[in-house]
Amino acid sequence: MTGRSYEVRTFGCQMNVHDSERLSGLLESAGYVPAPPGSEADVVVFNTCAVRENADNRLYGNLGQLVPVKKGHPGMQIAVGGCLAQKDRSTILDRAPWVDVVFGTHNLHRLPVLLERARHNAAAELEIAEALEVFPSSLPTRRASHHSAWVSISVGCDNTCTFCIVPSLRGRERDRRPGDVLAEVEALVGEGALEITLLGQNVNSYGRSLGDPGAFAKLLLACGRVDGLERVRFTSPHPRDFTDDVIEAMAATPNVCHQLHMPLQSGSDDVLRRMRRSYRRDRFLGIVERVRAAMPDAAITTDIIVGFPGETEADFADTLDVVRQARFAGAFTFQYSPRPGTPAATMDGQIDRTTVAERYARLVALQDEVSWAQNRELVGRRVELLVAEGEGRKDDATGRLSGRARDGRLVHFRAGAGLAARPGDVVETVVTRAAPHHLTADGPLLSHRRTRAGDAWELARTAPVPAAGDGAGTTAARQTVALGMPSVGPAPSPGRR
C-alpha cells in the first residue's frame, strides 16, 4: 500500500534526530508521504529516548492521546522505535496494546515491512534485533535541512558510564571507513549543503576499530579539503580520548568551526570515579586550556549532571568551580534521575529531589552568569551567520530571523531591505545586544549571500503539498530523499541535482 501519510515524532539526542531522518527516508522510499501540518497522519512513528528523565511517561502520555484519534481514523497505524523500544520491548505492547509495530535501534530498515505485515495480519509486530543488521548510513534519508546535515562516523559506544544505558541499547562502537564518510560529505555538499556535523557517541575514539587511533584528526583535515564545505562541526567527544592532534586539526582547518561540545558531567573527581568517566577534572581543564591557546575564540559547551548518587556539597562546589574556570559558553544541565538497568540506579547515597533541585538552580544561575558575561563581550562584533529555520521562537512576533554564528551561538537579526534572507543563506551583521542564551543584531545587514541551499528551501516552500493517495504528490515528495550513501564515484555536480 502506498500514498499513505506519515509523521515521525522524535524524542532525545542528535542520534535520534538523524535516525528519524532515515525513518522518514525509508517511509518515503516505500511510497508514504509526509502528513500535511495539522492533519492526522495514517502512520505515526515514535522514535524514543531511554536516557532522559521520565522518557517512558512522555511516550505513554503521547500514545494515550492517540487512542481516540485512532478510533476515529480507520487503518491508522502507530509504531514505536528507538532506545526505549529496544529496552522495553513487549512491555510497550502490554501497556499500549493499540500500538501496531515495535522495533529497535538495530533494525530501522525493517519499519516499512513491519508496518505492512501488521496491516496485512491485523496484529501487532514486535521485532528487536540484538546487533546492527544494516549500517544506518546506507539507508535512504530525508534530510530535515537543505543547508546543514548530520553525517554519522560511528554507531554504538564502548564506554561504561554508570549512569548511561546507551551502550546496552546501541551496541558496541563500530566505525565507518573514512572513504565512506567523505563520500557522503562530498555528496551532500554537491547537493547544496554548507554545514556538516560529524556524529558519534564518542567521535574522538573514531578509528580505534580500524586500527588507526589518529583517524579522527585525519578526517577533520580531509573535510577541510572538500570544496564548497563551509562549516564542519562534530559531537560529542569524550575527554578521555581527546588528543592534541584533534586540537591541531581544528586550528589548522579553516572550515572546522571553533566550537567544542565536551561533556564534563561533574567537576568532582570522586563523582567522576563513581560515574566511571575515566578522566579527572585536571585533565578536562587542561584540554580546555589547550583548545583556547590554539583557538582563543573557541566557544566551549558541556553537559553536567547534578545530584549523582553520593554527591556531597563539597563535590557540587567542585563542579561550580570548574564552571567558573572553564567559562563555558553554554551547558546542558540535568538533574540526575535513576535509569533502570544502570549501575548508578542501585548505588548507595541517592539524593533527595529537593536537594537536587536546589543545586540545579544554583548551577543554572552560575552558568547563565558566565554565558551572559561572554556574550556581552561580543556586542559590537561582526559575525557571519548561516540563516536557520525554526531556531527563534519569537521570530514572527519580533520581525527577526535567526542564524548560527561559526562558533555555534544563536543570533536573532533584522531581515533588512531587498531580497529576504532565507534558511541556508549566509549573512553578516553586527551584534547589538546580548542575553545568556542568544545574541541580537538589530542593525542593517552588512552582506547577504544567496546560496543553493536557500534556493532549495524556497523551492520546497512554494511546491504544492502532496496529498495522501496522490501518485504525483508521492513522486514529488520522494525527490527530497537521498537514496543512501554512495559507495563509489564522485559527488554529484551542481548541475546534476
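In case you wondered, yes, glycine gets a Cβ from its N, Cα and C as well.
Packing around Cys83 ([4Fe-4S] cluster 1 binding site) is summarised by its Cβ count: 27 other Cβ atoms lie within 10 angstroms of its Cβ, all protein chains included. According to DSSP, Cys83 ([4Fe-4S] cluster 1 binding site) is assigned to a helical segment. The annotation [4Fe-4S] cluster 1 binding site is assigned in Swiss-Prot to Cys13, Cys49, Cys83 on the grounds of sequence analysis.
For Cys164 ([4Fe-4S] cluster 2 binding site), the same-chain residues that are 6 or more apart in sequence and have a Cβ closer than 8 Å to its Cβ are Val51, Cys157, Arg339, Thr342. What Swiss-Prot lists as [4Fe-4S] cluster 2 binding site is Cys157, Cys161, Cys164.
Look at Swiss-Prot and you will find 4-120 tagged as domain 'MTTase N-terminal'.
Residues or ranges marked as domain 'Radical SAM core' in Swiss-Prot (evidence: sequence analysis): 143-374.
The annotation domain 'TRAM' is assigned in Swiss-Prot to 376-445 on the grounds of sequence analysis.
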Restricted to the domain 'Radical SAM core' (143-374), the mean pLDDT of the model is 95
Looking only at the domain 'MTTase N-terminal' (4-120), what are its DSSP counts of helix, strand and coil residues?
-> 58 helix, 23 strand, 36 coil
